[in-house]
Each structure stands twice: as structure tokens, then as C-alpha cells.
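Accompanying notes for the structure given below.
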Amino acid sequence: QLQNKILILTICAAGIGGTFQYGYNISIINAPASYIQVFMNMTWLERAGVPLQSNVILLLWSFTVSAYPLGGLTGAVVAGPMAIMLGRKMSLLLNNVFVIIAATLSGFSRMAKSFEMIMLSRFFTGVNAGVSMNIQPMYLAESAPKKLRGAVALTSASFTALGLVLGQVVGLRELLGGEESWPFLLASNVVPALIQLTALPWFPESPRYLLIDRGDKESCISALQKLRGTSDLSAELEEMLAEQAAVKGQRAKNPWELFQNAALRWQLVSIVVLSSAMQLCGNDSMYFYAAYVFQKAGIPQDKIPYVVIGTGSCELITSVTCNMIIDYAGRRPLLLGGYIFMAGWAIVFMVALSQQTQISWMPYLSMACIFAYILSFGIGPAGVTGVLPTEVFDQMSRPAAYMICGSLLWFNLFLVGTAFPFIVKSLGHFCYIPFLVVCVCTALYVWFFLPETKGKSFLEISEEFRKRNFKTKTRAGFYKGPEEIKTTTF
């Protein structure tokens, strides 16, 4: 049982300074939005003697908000080289430097009378989230035993959801969301960083990284013993050695090399489709709509922040549920179910929005749709998408695959954030049509093209994709890397 504890503590130490920060930093910026805009105006008035026009304040605010995904994109790009050169664990530890810089900038911004410091701070916070969103699932999936790989890698999504909820709670007026305390709210992200810096050094590096990237068999066995205890390691070690033999003589690939490699065609298409769909499915836009819909449902204005916490809690509950069932249900059913349900709820939501003023109980149906949509997203797409790049790529392609995934994720977050207000303006109540199309197309892709990866070794998954990429049955035995098959025996 001690070893299970060590694995659980490793997950917590990686998660608290990892994807937790992504969720936390997305939600803490919402509460002080109006105070920061007032601060921008007052600062400018002091500097230039004239107040800012309202459209300029809005523009400055949108720069502040979009600095986060821009930082995320930067983080996603540097995450690959970091994971290869420094290792998974060291990269996560070093990543906290960005948060400490960000917290210092935002914490002292009011004292220094500089709103530019807030923008810069959001950029560094984004860099931190971009790195952790890529490296944490990789580190955990490589450290987990095969039968628990899905559940362990999926904890990344649970920590994101936990960060979202805690960010909403800490952002309440009674805590740090008041007019006086917003610099402390923005700087509070330093606490998880310090916890990780204290805890993570005590836990082992990814055994796969130690053996396959570093060629350090002793350290790999020592890391495995810490994580698995006295249980027989020979089968797992044999599987890792087989994967090491499969990639022997290769170096870590660059993202553009994945696009040129015919042996990785379907793997690449799958992660491009699923990573894009994760942001383009409209889940984050539901949060945008939440306050408006709750207001229409007759919830008093001052109570709305508490109900919004309910939406975040929905995502947390489902991602924890998904954790428990992913290694029983499999990846495909969860993705399929998630996107099909989201498509259904999108239709109901648009109908409910269009009838909002005509029928008295429609606002309550809209409210139910918001919760149901977020629940459907949490049960499949939210978590499974982050697990797949680890499973469908070999050790040499994995960091590059996560760079592609992460870049798409952040670019699409930026795209949806920028475009959604215009979509609402032009399509009105039917603003969810683009998201509906994305959900239906993704569900069709999963149904026709994505193989199940549950309970399979990395080599078995590679073999299955090889058959798809080359449409020919290979001889018995395992796929030994994309270059050539040297032997079919272990």
C-alpha cells in the first residue's frame, strides 16, 4: 500500500503546481475585472491628466486577458525542449520560476501604479500553464503502471477543474475578490508553486525517461522500485527495454518531423482533431454565458458568483468520476459519449435561449443546459484528450506531439475568446451552431478512425496505428519504431 501512496503523492505534487495553476489562473482574473479596469483608468489619469475612453479601457483589458493564452502558446513551444533536456520532473520544478515572477509583478502592480505589470504577469502565468499542461500528463503517464495509466494521466484534468473551483471561491468578495485585495488575489498563485517546490523533489523522475532518453538503467530500476515497491518489475522492465530497442539510434523528434513521417500520420491527425475540438467545442463559452442566463432565471445579482461556483464544481465532479472509470470504460466511449451529449445539449440550449422571454420556465432549462453541457465535457473530452498523446506516440515523438497539442490548445483558446463576442453578435441565440458542428464532426471522427488504447502497451498501440498508416498487416511481432523493423522477437 505504501507504493500506492507514493504514486498518489507524486500525482498530487505534480498536479498542485501543474495543471491546477491553469484552472486557477483562468478563473481568478474574472472577479477583479471591473476593479482592474478602474485601476487602469486612474493610473492613466495620474500619468497623462486625461481619463481613458471606454473603448480604450476595453482594448487594454482584452490585451490583459489575451496575454494569458499568448504566454500559454509560448510555454507549449518551450515545453518540448525542456522535457527532453531537463527531464520531466526538473522541467515542472523549474516552471515555478515563471509563476513567482508573475506573482511578484501582479502583487506590486498597484503599489508601482503600473497596469503594464499586470499584463506582463498574465503572460508569465500563461507560460507556466503552457509548460505544465504539456509536461504533467507526460510525466504522470510515463510513471504509472499500465493498468492505471489512463486514470493517473487523467488526474491532470481533475487538477485543472479543482483549480477552476478554488479560483472561483478565492475570488469571492468575502475572500480576495474585493476592491482592496485584488493584487493579493492575482499574486495568490505563488502558494501552489511554493508547495510544489517543497514537495516534488522528494519523488522520482519518470522511469521511462531515465531508461529510454538517458539510458540510465540503474536509476530507472530505482525509480520503479520507489513507485511500485517490491512487486515483480521484470514484465514492466522488459516492456520498457523493448521500447528502448525500438527507438535505438533515434533522437528526439522535432514537431515538423512528425508531419513528414508517414508512420505517424493517423496519430497526428487524431491529436490535431481532438486538441482543436477541446477548445472549439464551446465549453469555455458556457462560462461566458453563465452569469447572463442565471440573471434571466431570476437569481439575484449578488448571488450569481455562488451559482457560478456550481458550474466549476460540475466539471470537477465529472473529471473525478471519469478518473475512476477511464480504465474500465476505455477512451473511445468516453470521448464519443461526451461529444454526442454536448451536441444534443447545444441544440436544446439554443432553443431555450430563443424562447427565453416567451416561456416563463425557459431560463431554468437554459440553466440546466449549462450544467449538462459542462458535465458532458468533463466526463470525456476534458480528460481523455490530454492522455492520448502519451499513448499514441513513442518516447522520441512524445514531447514534439505535446508541443503540437499544446500550441493548438492555446491558439484555439485565443481564437474562441476573440471570436465568441462577434459570433454572439451575428448569430444571436443561435451562437452555438459552430460549436454544434465541431461536436458532431469530432464524434464522427472518433467513431470511424480512433482505435481504443485501454490496457495496451505503448508498443501494441504503435503496432495498431502502423496497420492504419500502411493499410497492410505486418508480420507477427511488435513494431520497432518508424524507421525499420530489425527483428520481430524480443
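The backbone N, Cα and C atoms fix where each Cβ goes, and this holds for glycine too.
If you check TrEMBL, you get these features:
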TRANSMEM  7-36  transmembrane segment
DOMAIN    11-454  domain 'Major facilitator superfamily (MFS) profile'
TRANSMEM  56-80  transmembrane segment
TRANSMEM  92-112  transmembrane segment
TRANSMEM  118-139  transmembrane segment
TRANSMEM  151-170  transmembrane segment
TRANSMEM  182-203  transmembrane segment
TRANSMEM  334-353  transmembrane segment
TRANSMEM  365-388  transmembrane segment
TRANSMEM  400-424  transmembrane segment
TRANSMEM  430-450  transmembrane segment
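Same-chain residues lying 6 or more positions outside the transmembrane segment (56-80) and placing a CB less than 8 Å from one of its CB atoms are 25-26, 29, 33, 36-37, 40-41, 91, 98, 115, 118-120, 122-135, 255, 399-400, 402-403, 405-407, 409-411, 413-414, 417-418. The stretch from 92-112, 118-139, 151-170, 400-424, 430-450 with the most CB pairs below 8 A to the transmembrane segment (334-353) is 430-450. Averaged over the domain 'Major facilitator superfamily (MFS) profile' (11-454), the predicted model has a pLDDT of 89. Counted over residue pairs 6 or more apart, the CB atoms of the transmembrane segment (151-170) and the transmembrane segment (7-36) come under 8 Å in at least three pairs, which marks the two as touching.
Sequence-distant neighbours of the transmembrane segment (182-203) (same chain, 6+ residues past either end, Cβ-Cβ under 8 Å): 6, 9-10, 12-14, 16-18, 20-21, 24-25, 28-29, 31-32, 35-36, 89, 92-93, 96, 99-100, 102-104, 106-111, 118, 121, 125, 128, 170-171, 176, 226. Sequence-distant contacts of the transmembrane segment (400-424) (same chain, six or more residues past either end, CB-CB distance under 8 Å): 62, 65-66, 69-70, 72-73, 75-77, 79-80, 83, 126, 130, 133-135, 137-138, 252-255, 257-258, 267-268, 271-272, 275-276, 278-280, 282, 284-285, 288, 389, 392-393, 431, 434. Long-range contacts of the transmembrane segment (365-388) within the same chain, counting only residues at least 6 positions beyond its ends with a Cβ under 8 Å from a Cβ of the stretch, are 133, 137, 141, 149-150, 153-154, 156-158, 160-161, 270-271, 274-275, 277-278, 281-283, 286, 289-290, 293-294, 296-297, 310-311, 314-319, 321-323, 326, 331, 334-339, 341-342, 345-346, 348-349, 352-353, 356, 442, 453. Sequence-distant contacts of the transmembrane segment (430-450) (same chain, six or more residues past either end, CB-CB distance under 8 Å): 266, 269-270, 273-274, 277, 280-282, 285, 331-332, 335-336, 339-340, 342-343, 346-347, 349-350, 354, 381, 420, 423-424, 468.
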